[in-house]
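> Got these off Swiss-Prot a minute ago, pasting:
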- Lys4: N6,N6,N6-trimethyllysine (MOD_RES)
- Asn113, Thr163, Lys167, Arg285, His317, Ser369: substrate binding site (BINDING)
- Lys165: active site, proton acceptor (ACT_SITE)
- Lys191: N6-carboxylysine (MOD_RES)
- Lys191, Asp193, Glu194: Mg(2+) binding site (BINDING)
- His284: active site, proton acceptor (ACT_SITE)
- Lys324: site 'Transition state stabilizer' (SITE)
Amino acid sequence: VGFKAGVKDYKLTYYTPDYQTKDTDILAAFRVTPQPGVPPEEAGAAVAAESSTGTWTTVWTDGLTSLDRYKGRCYHIEPVAGEENQYICYVAYPLDLFEEGSVTNMFTSIVGNVFGFKALRALRLEDLRIPTAYIKTFQGPPHGIQVERDKLNKYGRPLLGCTIKPKLGLSAKNYGRAVYECLRGGLDFTKDDENVNSQPFMRWRDRFLFCAEGIYKAQAETGEIKGHYLNATAGTCEEMIKRAVFARELGAPIVMHDYLTGGFTANTSLAHYCWDNGLLLHIHRAMHAVIDRQKNHGMHFRVLAKALRMSGGDHIHAGTVVGKLEGEREITLGFVDLLRDDYIEKDRSRGIYFTQDWVSLPGVIPVASGGIHVWHMPALTEIFGDDSVLQFGGGTLGHPWGNAPGAVANRVALEACVQARNEGRNLAREGNEIIREASKWSPELAAACEVWKEIKFEFEAMDTL
C-alpha cells in the first residue's frame with residue numbers, strides 16, 4: 001500500500017451514513033455548530049475523528065493498525081429545527097476505544113480534545129448511549145434506591161433534607177446543634193453544604209463528631225433513623241478516604257462528595273469504599289452549570305447524570321423545576337428517569353436521544369434542592385414521586401420560630417401531600433388547598449405558610465428543546 005502524505009478531508013474516512021450501529025458501540029449525539037462555510041458532513045466527521053483515532057494529517061503509523069476497527073464514525077446528521085446552521089450529529093465509537101470501568105477515560109476520549117476544534121463554532125454533547133457490555137464493567141451506586149429505603153426503614157414517601165446554613169462560618173458545635181434541631185423536628189437528613197470541607201473556622205473532624213452527636217440524639221428522641229451528609233470532599237484522594245473512614249467509625253449512615261470538582265476518579269474510589277463499608281453516598285453537582293448551562297456548547301446534564309450512575313452515588317442533585325435554580329420540567333424528568341429507572345425508551349420530547357438499558361445497575365435518588373419551601377411541596381411530590389429527596393435549606397432554617405419548627409412544617413406539609421395523593425386527590429390542582437387544610441392543625445406549618453406565601457422565582461427557563 002502506498003503511503004500518501006498530506007491533509008485529507010475527514011469526511012472521506014469518518015462520515016459513514018450506511019453504518020449499522022452495533023449493540024456494543026457507545027453512541028453519542030452532538031449538537032454541532034460548524035464555522036461558516038464548513039459543511040455539516042465535514043464537521044460531524046471531524047468530531048468523530050478528533051474524539052477517536054484521527055489526527056490532522058495522514059501518519060504512516062496508520063498502516064500499522066486497522067483504522068476501520070477502531071475509528072469513531074459519524075453515521076447520521078439531522079438539522080436542528082428552528083436553528084440556523086446547527087445539526088445533531090450522531091457518532092458511534094467501538095467499545096475497544098475505552099478502558100473498562102473508567103468514566104474518566106470515557107470522557108477523555110469523547111469530550112477531551114474535540115471541543116476546542118477550529119472548524120466548529122460550538123459543540124455540545126447532548127446524550128450518550130452506554131452499551132450494556134460497558135455498563136457491566138462498572139460497580140455503579142453503592143446501594144441504590146431499594147437498599148437505601150431498607151437501611152432507613154422509610155417507605156412510601158419522598159425523603160426530607162435540609163442544607164445547614166449559613167453555609168460557611170459556623171463553629172462545629174453550633175453546626176451540630178442545627179443538625180440536631182432539624183432532625184428532631186422531623187427531617188430524615190441534614191446536609192453539609194458543598195463548599196464545607198475543612199476550613200479554619202470548622203475542621204472536618206470536629207464537624208463530624210458534633211454532627212454524629214446530633215444524629216444520635218435526634219434518633220433517640222424520634223425513634224426514626226436519621227442521617228447527615230458528611231462532606232468527605234478533600235484536596236487529595238487519600239484525605240477524602242480518610243474522612244470517609246472516620247465517618248464510618250462514627251457509625252454515620254451517609255457521606256457526601258462533590259463529584260465534578262472532586263473528579264470522576266476520586267468519586268469512583270469513594271463509591272467503591274462506600275460499597276465495601278455500607279455507607280450511603282450523596283453526590284452534589286457543584287460546577288455542573290459551568291459545563292451544562294450553555295445551550296449550544298458544553299455537555300447536557302443528562303450526560304453527567306449517566307456518568308454519575310456509572311461512577312457511583314446514591315443521591316444526586318437534579319434541579320427542582322419549581323425553585324430558584326433552572327430546569328425545565330420534561331427535560332428534568334427525562335434525566336430523573338435515567339437516574340432511577342432500569343430501562344428508558346428514546347423520547348426526543350424529553351431530550352432522551354437513545355434508548356438506555358441499565359441492566360439492573362442500581363438506581364440513584366434525585367435530590368430537589370434550591371429555593372423551595374412548603375408551598376412547593378404538592379408540586380414537588382407530584383413531579384418527583386416517592387423516590388426522591390426534597391431539600392429545604394432556607395425553607396427550614398428560615399422559619400420564624402427556629403429550626404425544629406421549620407422541620408416540623410416541612411414534614412407536616414409532606415405527609416399531608418402524600419396522604420392527599422394516596423386518597424386520589426389531584427396535587428397539581430388542589431395543592432394550595434391541601435397545604436391550607438394541613439396548616440389548620442399545625443401552627444408550625446401555618447407560620448411557614450405566612451412567611452413564604454408570596455415568594456416566587458419567575459424567569460423563563462433557557463433549556464428548551
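Just so you know, the numbers here start at 1 and follow the chain as drawn.
Glycine too: its Cβ is placed from the backbone N, Cα and C atoms.
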> Listing them in sequence order, which of the recorded positions Lys4, Lys165, Lys167, Asp193, Glu194, His317 have their Cα within 10 Å of that of His284 (active site, proton acceptor)?
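Those near His284 (active site, proton acceptor) - Cα within 10 Å - are Asp193, Glu194, His317, in sequence order.
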> Relative to the Cα of Arg285 (substrate binding site), which of the recorded positions Lys4, Lys165, Lys191, Asp193, Glu194 have a Cα no more than 10 Å away?
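So far as Cα distances go, the recorded positions lying within 10 Å of Arg285 (substrate binding site) are Glu194.
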> Cα-Cα separation of Lys167 (substrate binding site) and Lys4 (N6,N6,N6-trimethyllysine), in Å?
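Taking the Cα atoms only, Lys167 (substrate binding site) lies 62 Å from Lys4 (N6,N6,N6-trimethyllysine).
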> Give me the largest Cα to Cα distance among Asn113, Thr163, Lys167, Arg285, His317, Ser369, the residues the record lists as binding substrate, in Å as a whole number.
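Per the listed residues, the maximum Cα distance equals 37 Å.
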> Please give me the recorded positions out of Lys4, Asn113, Asp193, His317 that lie within 10 Å of Lys165 (active site, proton acceptor), comparing Cα atoms only.
Asp193
> Comparing the recorded positions Lys165, Lys167, His284, which residue's C-beta has the most other C-beta atoms within 10 angstroms in this structure?
His284
> How many other Cβ atoms sit within 10 Å of the Cβ of Thr163 (substrate binding site)?
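So the Cβ neighbour count for Thr163 (substrate binding site) comes to 24.
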> For Glu194 (Mg(2+) binding site), just count the other CB atoms lying within 10 A of its CB, please.
21
> How big is the Cα-to-Cα gap, in Å, between Lys4 (N6,N6,N6-trimethyllysine) and Asn113 (substrate binding site)?
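Answer for this pair: 25 Å between alpha carbons.
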> What is the interatomic distance between the Cα atoms of Asp193 (Mg(2+) binding site) and Thr163 (substrate binding site), given in whole Å?
6
> Highest CB neighbour count within 10 A among the binding-site residues Asn113, Ser369?
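Per the Cβ count within 10 Å, the most buried is Ser369.
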> For Glu194 (Mg(2+) binding site), find which of the binding-site residues Asn113, His317, Ser369 come within 10 Å, Cα to Cα.
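The binding-site residues passing the 10 Å Cα test: none.
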> Using the Cβ center of Lys191, Asp193, Glu194 as the Mg(2+) site position, which other residues in that chain lie within 8 Å, going by their Cβ?
Thr163, Ile164, Lys167, Asp192, Asn195, Val196, Tyr229, Asn231, Met256, His284
